Amino acid sequence: MARVIVDVMLKPEILDPQGQAIARALPRLGFSGVSAVRQGKRFEVEIEGPADEAALAEVRKMAETLLANTVIEDYDVRVEA
Amino acid sequence: MSEGAGRHMADSVKRAAETPDEPMPFAELGMKSDEYDRVKAILGRRPTGSELAIYSVMWSEHCSYKSSKVHLRQFATKAPASEALLVGMGENAGVVDIGDGWAATFKIESHNHPSYVEPHQGAATGVGGIVRDIMSMGARPIAVMDALRFGAADAVDTRRVLPGVVEGISSYGNCLGLPNIGGEVVFDPCYLGNPLVNALCVGLLRKDQIKLATAPGPGNKVVLFGASTGPDGIGGASVLASATFEDESQAKRPAVQVGDPFMEKLLIECCLELYAADVVVGIQDLGAAGVSCATTELAAKGTGGMTVDLNLVPLRDPSLRPEEILMSESQERMMAVVRPDDIPAFMAICRRWDVPAAVIGEVTDTGRLVMTWDGEVIVDIPPGTAADDGPVYERPFHEPAGQAALNADTPDRLERPGDLRETLLKLLGSPNLASKEWVTNQYDRYVRSNTVLAQPADAGMLRISEVIEPERRSSAGESEPATPTDAEAGATIEHAEPTTRGIALATDGNGRYAKLDPYAGAQLALAEAYRNVAVTGANPLAVTNCLNFGSPEDPEVMWQFAEATRGLADACRTLGVPVTGGNVSFYNQTGSTAIHPTPVVGVLGVIDDVAARVPTGFVAEGLRVVLLGDTRDEFGGSEWAHVAHRHLGGLPPQADLEAEKALATVLVEAARRGLLAGSHDLSDGGLAVALAESCLARGVGATVELTGDAFTDLFSESASRALVAVRPEAYAEFASLCGRHDVPCYGLGTTGGNALVVKDVFEVPVEELRETHTAALPALFG
């Protein structure tokens, strides 16, 4: 059994109102020195067999189809160490 | 950034004069070579990259109406005299006098293509865009509506597009705190790949508060405020940037626009406070073509000149090139013209609302729009040449080759059903006629607590007791935290005196009718929206329209457009309701297959006392059920032909506008006198569906008797008809009112019981009607 992590982030040029709201809130809570925040999603996909190339390809397909909206989001697939 | 090693100098006016033969990517920007030649003739040299950016977007079909202008003029030349019209076509939205010093401003606009690419954000930013149009007139937005068209309900792509669109509309509208009070959802295979998302917004203002998009007064400052500018929706600007500077990678662009409703909410309150403080001379929202459009239009309508330093535009992405800044469609931005003395007050109000603002230029009397970047002049044009004097095309048009055959293929050849009970249930459970609760339950219909009627009522209705004044914050000293939450908690909200006055709004449009006869189809769309307003008891006053068509370069599509605009303009004149504004959406087609021509018409009406409104349907037992208007054998383009036979042919129902006007007069007068207990307009699916929906409104059944051919009586879609429920003691007075206006009036039966009974034809329990009506959409999308 292996765990595959899929990180989904808005593409860099896409406006991220939630990230901006967090960035604006931080100074109000006393955190300084933050110039920008972007918010994304992390999926932990447990697979039954080993995390070989075939399994990763399948997870990428999942990301492409369901986990990420590829019109506005990028995704990154990796095996948890 | 100006010291950055990778940064190139922008293409300046000086450089353009020195390199007259440098090829410019006008074709990639959608500009024709004769249009490009015209730009060169205007400037007496080749345009700079930034100038080309401005001309290409301002002369695009979307901004210049170059194919539609010659036809749209009829809305002005044929406009009926109307005392109610305060601001007509040509401004951001029309304004109508609704009495007692109040004015309403409303407009409908398309966001079709973006909603296909990214349904959620496309639809959301469609709402945001139309709301800013309304704000820019000086009004507080008070409600939205959406007219939607999708491909077949069971098509795979519809399952992607519809839920996203509905979610986008609901999330943006609900976050803004605006009720969504109506609209339409229609399915037809012709919209697969070309969904229509037409968003309407209505706003309220005092008559003397109207703001206009103009930049008068040399020396006045130009302020850009709202969200910062990023690489959003930059269609062709990347071509410009990379064509001149090939080493800069622009692969990531263009980007889908993402809406931020919370910023828009701040903008609304900020604008209202700016208006109340009287620190705004002219104002314009930024929509398509962003800064290009706002600067050229403001300058052209004002003293005529303006200087802008593009380095002063607040950027979300500091690597943006001037061409991209000019074309960016970043949302939630506005541009205001402000007297120099008022700048401190203006900026203080923006700070209080956490709205970034920057002075980026100044009004001049030079007659030139001059923009600089890194100290160099990169734009120097007469603004009117971009804003007003774009190309105007008299596109050729002719009747489509198959039109005569289409009209000759009448529904007479279709087999008529024997079992009318089954036909009713089949229609009632079909996607177009089924309950739209699944959609409208996702919208907030009652926020602001002035909604009197909302879906599934025939029209949305709002009470006029509004907070026009900004939701004031306690005066913001620099020491106190200017957070929205803190300030809003301490806000003292000043309520205007509640009035009894109300406005009603409806949108309608039937693409199948317009396909069969675009002239009549557009008139029928107007007639239905007009009727939907009148059945609530409100007096129809004014019109907005969204004209959705295929490619204007196709003479057959252009014929549809010419016929539809002619029909609509003629009908507006007959009904006495002027067009106040709207929008044209062309190129709704896949390959050479265009959508059905789909003129969507919105009508606004006024009612003196919302307590006199007429609710939809049968509200009590023992009422007389009365049909108004004549029923003919009219099944061309009908819902029955569509559902039972997948047939589209023949001619649409006759549009009898005099009958429509008489019917509205009767309905409004009867409501005023309190004669009507309930009402419902007849349209898709005819009397049978109107009876079923009337029973469903409150779960009250009815027993009726027909005199003619049962199938025709029940399912024909003849226009100018309505169903009303009248208290027995009021019937005589009501019948004489109908007689006085020559409105045919037929007593059909009585309300009561828990079934819809059509004597000698069928009986359906109300519960069975309800199950059939409500199950369809959840089964498809739930």
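Backbone N, Cα and C define each Cβ position, glycine as well.
Among B:G30, B:G509, B:G511, B:G582, the residue that TrEMBL places alongside B:Y65, B:K107, B:N545 at the ATP binding site is B:G582. The candidate list B:S465, B:S551, B:S585, B:S592 contains one residue that TrEMBL assigns to the substrate site with B:S110, B:H111, B:N112, B:H113, B:R132, B:Q257, B:E329, B:S330, B:Q331, namely B:S585. Matching B:1-28, B:365-392, B:421-448 against TrEMBL, the residues noted as region 'Disordered' span B:1-28. Cα separation, B:Q331 (substrate binding site) to B:D285 (Mg(2+) 2 binding site), rounded: 10 Å. Ranked by Cα separation from B:N545 (ATP binding site), the recorded positions B:H62, B:S110, B:H111, B:D133 are led by B:S110.
Counting only the Cα atoms, the space from B:H111 (active site, proton acceptor) to B:Y65 (ATP binding site) is about 16 angstrom.
Note on the domain 'PurM-like C-terminal' (B:621-753): DSSP counts are 55 helix, 26 strand, 52 coil. In the three-state DSSP scheme, B:N112 (substrate binding site) falls into the helix class.
Within the set of recorded positions B:H62, B:R132, B:D285, B:E329, B:G582, the entry lying nearest in space to B:E109 (Mg(2+) 1 binding site) is B:G582 (CA atoms). Ranked by CA distance from B:E329 (substrate binding site), the binding-site residues B:K107, B:G582, B:N583 have B:N583 at the top as the closest.
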